[in-house]
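Features as listed in TrEMBL:
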- 32-57: transmembrane segment (TRANSMEM)
- 69-90: transmembrane segment (TRANSMEM)
- 155-173: transmembrane segment (TRANSMEM)
- 179-200: transmembrane segment (TRANSMEM)
- 212-237: transmembrane segment (TRANSMEM)
- 243-266: transmembrane segment (TRANSMEM)
Amino acid sequence: MMVIQNLRYYLSEHPSIVGFRWSHAQSWGSTWGFLFTSIAAYVAASVFIHLLLLALFRHRRPITLGPIPAVHSLCMALISITIFTGILLSTAAEIRDTRWSWRRSRTTTFQWLLCFPLGTRPSGRVFFWSYIYYLSRFLHALRTFFTILRGRKLSFFKLFNNSILIFTSFLWLEFSQSFQVLAILLTTLVYSVVYGYRFWTAIGLPSACFPFVVNCQVVLLGCNLVCHIGVLLLHLIKGGCNGIGACGFNSVLNGAILLLFLNFYVKMHIRNRKNGGDSGGGRCLAAVKEAEKAVEPVKDKDI
């Protein structure tokens with residue numbers, strides 16, 4: 001019981017969490033200049049390292065990274081679990097403290113999760129964890145450099161996708177965007193599973209007999225797209241949701257990425273059917289290899 005109380009205090013009731021306010025003067029990385037500079041630096045560093053390796057190693061020899069990818073996956077899994085738990089407890093506390101003010105507008109808990117009232121300011125518990133999630137996107141982007149050093153081809157979509165992840169999480173805070181609570185809950189839950197799986201395979205344990213990470217990505221994008229449709233409906237019915245412009249931008253982006261993943265997902269299953277003649281472990285191994293070939297352009301999009 002004491003452990004639960006301490007957990008609740010440090011993840012949702014601590015003064016620094018309750019009193020958090022997104023401010024260009026007080027919050028590190030909260031300015032537009034920092035945002036664009038950091039994204040430009042990330043893209044430039046990725047391209048530079050990629051070109052440097054091509055110049056030094058004509059055959060794209062992979063560089064051994066040792067336990068670094070496994071440690072990164074473990075850290076990201078733990079961070080994701082912490083953010084998920086923190087925003088879950090903080091959301092419950094916010095609902096408890098502000099539910100009385102929803103009576104006039106007849107707003108339900110689910111409606112609040114999808115649609116922040118107009119005039120919502122980026123302060124308080126849930127925005128603290130949204131800020132932590134935003135900062136974690138920079139740590140998440142390190143996977144790009146692991147991919148480059150391992151000798152894989154650097155794709156434009158990889159850079160674009162990671163840059164957009166940083167950009168959209170910044171918009172959540174800057175415009176107090178609706179739906180971000182559910183988005184962070186869904187994303188960190190999937191991240192904790194995916195990075196846990198990556199750590200599992202990185203230390204030499206057996207992998208799944210199907211493209212686990214890609215399946216998780218499709219499920220996450222599908223859930224996000226459905227929730228974005230719900231936000232749009234509530235915006236039209238209730239007379240407005242806060243940050244609807246940023247939410248619309250995210251909806252278009254999620255829809256485009258989902259279509260791309262579904263395209264390769266179909267190709268993956270077509271290839272698997274062609275391998276249907278094998279049996280047992282041979283079929284499993286062949287399915288994994290064919291799936292990896294089919295989703296190679298998207299499987300490392302840094303979910």
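Including glycine, each Cβ sits where the backbone N, Cα and C put it.
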### Query
At least three Cβ pairs under 8 Å linking the transmembrane segment (69-90) and the transmembrane segment (179-200), pairs spaced 6 or more in sequence?
yes
### Query
Near the transmembrane segment (179-200), which same-chain residues lie under 8 Å Cβ to Cβ, leaving out any that are not at least 6 residues past its ends?
69-70, 73-74, 76-77, 80-81, 83-84, 87-88, 91, 113-115, 126, 129-130, 133, 172, 207-208, 212-213, 216-217, 219-220, 223-224, 227-228, 231, 247, 303
